Amino acid sequence: VVLRPGSGSRQQDPLSGVDGLALASDPVGTLNFLAMVENLQGDSGRGYYLEMLIGTPPQALNILVDTGSSNFAVAGVPDPDVTSYFNTELSSTYKSQGIDVTVKYSQGSWTGVLGTDVITIPKGIYGSYTINIATILESENFFLPGVKWQGILGLAYNALAKPSSSVETFFDSLVRQAKIPNIFSLQMCGAGLPVSGSGTNGGSLVLGGIEPSLYKGDIWYTPIKEEWYYQVEILKLEVGGQNLELDCREYNADKAIVDSGTTLLRLPQKVFSAVVQAIARTSLIQEFSSGFWTGSQLACWDKTERPWSLFPKLSIYLRDENSSRSFRISILPQLYIQPILEIGENLQCYRFGISSSTNALVIGATVMEGVYVIFDRAQRRVGFAVSPCAEVDGSPVSEIEGPFTTADVASNCVSSISFHEPMLWIASYALMSLCGIILLVLIILLLIPPRCQHRYTDNDVVNDESSLVRHRWK
């Protein structure tokens, strides 16, 4: 059941079922949401992963859940930083498509070959399904020391898929073959726990719907502005209840996205600076090293202290489905002042769980560990509800409240001109090329005698490198 904001009564959500039972619209019984509870492990520092069986006979691998990219890729050869890999030669159902695929990151990259094979998810939907899979043959700074996953599950839209958007994504394949609703939901349970701890923090990836036991209170929905990343519209930020008073377009420069593969809350530089100044001004710490805010230094306190009481809460306002209303997600310091290292028997050291970004506001694990997130692709919206596991010392560390009026913000905080879609990129480059050719012809006609033969230049090469966010960009 889902309580619609402002409805005043609880309504049955046709996607969620009751108590995790299979849906009435699911005649083959592929869905049991309770079976998917606690099917993730990991931590905010190194990601949350899902066990998957690939090939025939099945090979078990842990796969990083990433809503900020769109390729399903696994280690295809031995690597010093992975404990196992998918050996295609041992699978009788693997079929290579012979297509090379490369994904570049600001910190790392991988290159592999596209193929298909069957997969099953032990704690997911029932059945085996044929999926596009890239086997990673070479990588640089992609598999990191200490990670317990051997592949990545990109759950964003096919617009980001490599080598082209024609590659059917993992989730699109599940929707088509298993006939499940086009919706999934995600809970990450690492609030207040060490950033890079045992890697056994719980979490849940619910494929095909919403599990009622994973949230409390209302689900608040915000529209998906564009179907590539899960792009949303941020209206304003508050620190300690005080509005930052920035133009709302600053929060969406050049996009605002929800990405489980990003470890931090990443903010555009101007927004980040304003947030740091506001936190420093409202905190109870008189002097604080700038290295803490930039991520180059840790702050340490005696283990008997609770430094979270020294910092304010941070609130993010998103536009509601009713555009004249908004709602806010508030995270307490327990989510953005993150334990990372113990020194001796007495000291606990923390990092700042917010960082600056050159090209996006990214709602990553810092925020997502406080909420249950519903990626409702069918209705083109992202939902947020308070997560029961977002507690530290028995107290909630996140809040979702609303509705609020949007009279004090612009009617549109996202640029109306978008060059994110591949066709728009192609059209823009084509127009620029045409203008360039016309200008070149005019110059030739002005400077060269008419009887001279005209010359031409090669068209510019258009590079289609999508950026990828986390502690690396996809």
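Backbone N, Cα and C define each Cβ position, glycine as well.
According to TrEMBL, C189 forms a disulfide bond with C389, chosen from C349, C389, C413, C435. In TrEMBL, the cysteine linked to C248 by a disulfide bond, out of C349, C413, C435, is C413. Spacing of C300 (disulfide bond) relative to C189 (disulfide bond) is 24 Å (Cα to Cα, whole number).
Closest to C389 (disulfide bond) by Cα-Cα distance, out of the recorded positions D66, N322, C349, is D66.
Per-residue pLDDT, averaged along the domain 'Peptidase A1' (48-385), amounts to 93 for this model. The two recorded residues, C349 (disulfide bond) and C189 (disulfide bond), show a Cα separation of 20 Å. The Cα of D259 (active site) lies closest to that of D66, out of the recorded positions D66, N322, C413. Note: the CA-CA distance between D66 (active site) and C413 (disulfide bond) rounds to 26 Å.
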